[in-house]
Amino acid sequence: MPWAGTAERPIAKLPWSPEKIGARFLLYTRQNPNNHQEITADKVETILASNYRGNRTTRIITHGYIDKGDENWLIDMCKLMLQIEDINCICVDWKKGGRTLYTQSAQNIRVIGAQMADMITTFQTNFKQKPADFHVIGHSLDPAEPYFQGTPILVRLDPSDAVFVDVIHTDSLPMLPYLGMGMSQAVGHLDFYPNGGEHMPGCDKNVISQIIDIDGIWEGTRDFVACNHLRSYKYYLDSILNPESFLGYPCNDDEAFKSGSCFPCPQNGCPFMGHHANEFHVPKGAEKLKFYLNTGDARPFGRWHYKVTVTITGDRAVAGYIMVSVFGTNGNTKQYQIMKGTLRPGRTYIGFIDTELDVGDVTKVKFLWSNSQINPLLPTFGGETVVVQRGEDGKMFQFCGRGQVRKDILQTLDACTFL
């Protein structure tokens, strides 16, 4: 107790010895971004002979169940971080202890935690590195649902484990019957639930397209069996160079986020999910703050969130849908559907879109309506006004249209001029 023999951990097992697990600490720096240097805590000479420097931030990355420390994603994470900061980046490889029964692996991670603590102590003792200069990044074990969710804080991740703890939840459906492997409960200072935290866009691709993945057969096969689970580190990877596209909105749940009640960001701003989450000012004593956002279905995953309000004119009510594209100082978007149903003249419709780029200040919009019906009366509709509101700062851009158009004809709306 509490490590085994409980409702959450029914099978009692001891962790393997450090020798059997065989963990390796692989150092990457700007001096050796492509080839690791193996260092060990009990042989300080290996650290002295490496490119480790005590005056740099040290980021330690560890994999989860079935994974390994020299997997592409860990190395890629180091390389991306080294592009923007001069750090010591350490990948922890404990594949021998992770590629076994899950119940055993969940116990073995205790040893890895102790070995990481030993390495940090070595850095502090011998190289005077400060506690605030360490950042640990982990995937899966833990927080994972089986053997961790609902356990005492001694067993699992919680806000008392560090000065700042942030968590990305991408696989939070229950283990039974949905085979969700991730934890749903909030366990950090900031907890992010992209796409609601359960079903990730792009994870419902067919078997062939998923296995023949852009990252290779192995990565594609992993995606097929654990796509939602792996999305957390893929979002983190994309966030390193593009933090603004992973803005998390404070919200109680996904339904509130979808309804728009958590839009735009509050006066104190929104945090970035991923690598730059610690730039957000967390109020003293606050923890388990929940944030929601949407992502794309493939890389680059980051998106920018906008509210679009459309008031239409027309000559009669018909079934159809409204599309809007947004143009700005940084570029323009594709067309996004704002509503689908009965189009009624004089009505106002509201939709939220997640664009693939930050358009900057919005300069104009294009309105289009359509349906699949053949109507001999040739109805027409127009965008009377379109208001685009930006998520990060709430700034609004208003545009006015003239006249009406038949279906599938683009109408351009420019900035309103009020005389």
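Cβ coordinates are placed from backbone N, Cα and C, and glycine is handled just like the others.
The structure displayed is predicted, hence computed values, not measured ones.
Cross-referencing Cys270, Cys400 with TrEMBL gives Cys400 as the cysteine bonded to Cys416, criterion being a recorded disulfide. When pLDDT is averaged over the domain 'PLAT' (304-419), the result is 95. Around Asp161 (Ca(2+) binding site), no same-chain residue six or more apart in sequence has its CB under 8 Å from its CB. Sequence-distant contacts of Asp158 (Ca(2+) binding site), defined by Cβ-Cβ distance under 8 angstroms and a gap of at least six in the same chain, are Val165, Val187, Gly188. Here the domain 'PLAT' (304-419) has, by DSSP, the following mix of helix, strand and coil residues: 0 helix, 70 strand, 46 coil.
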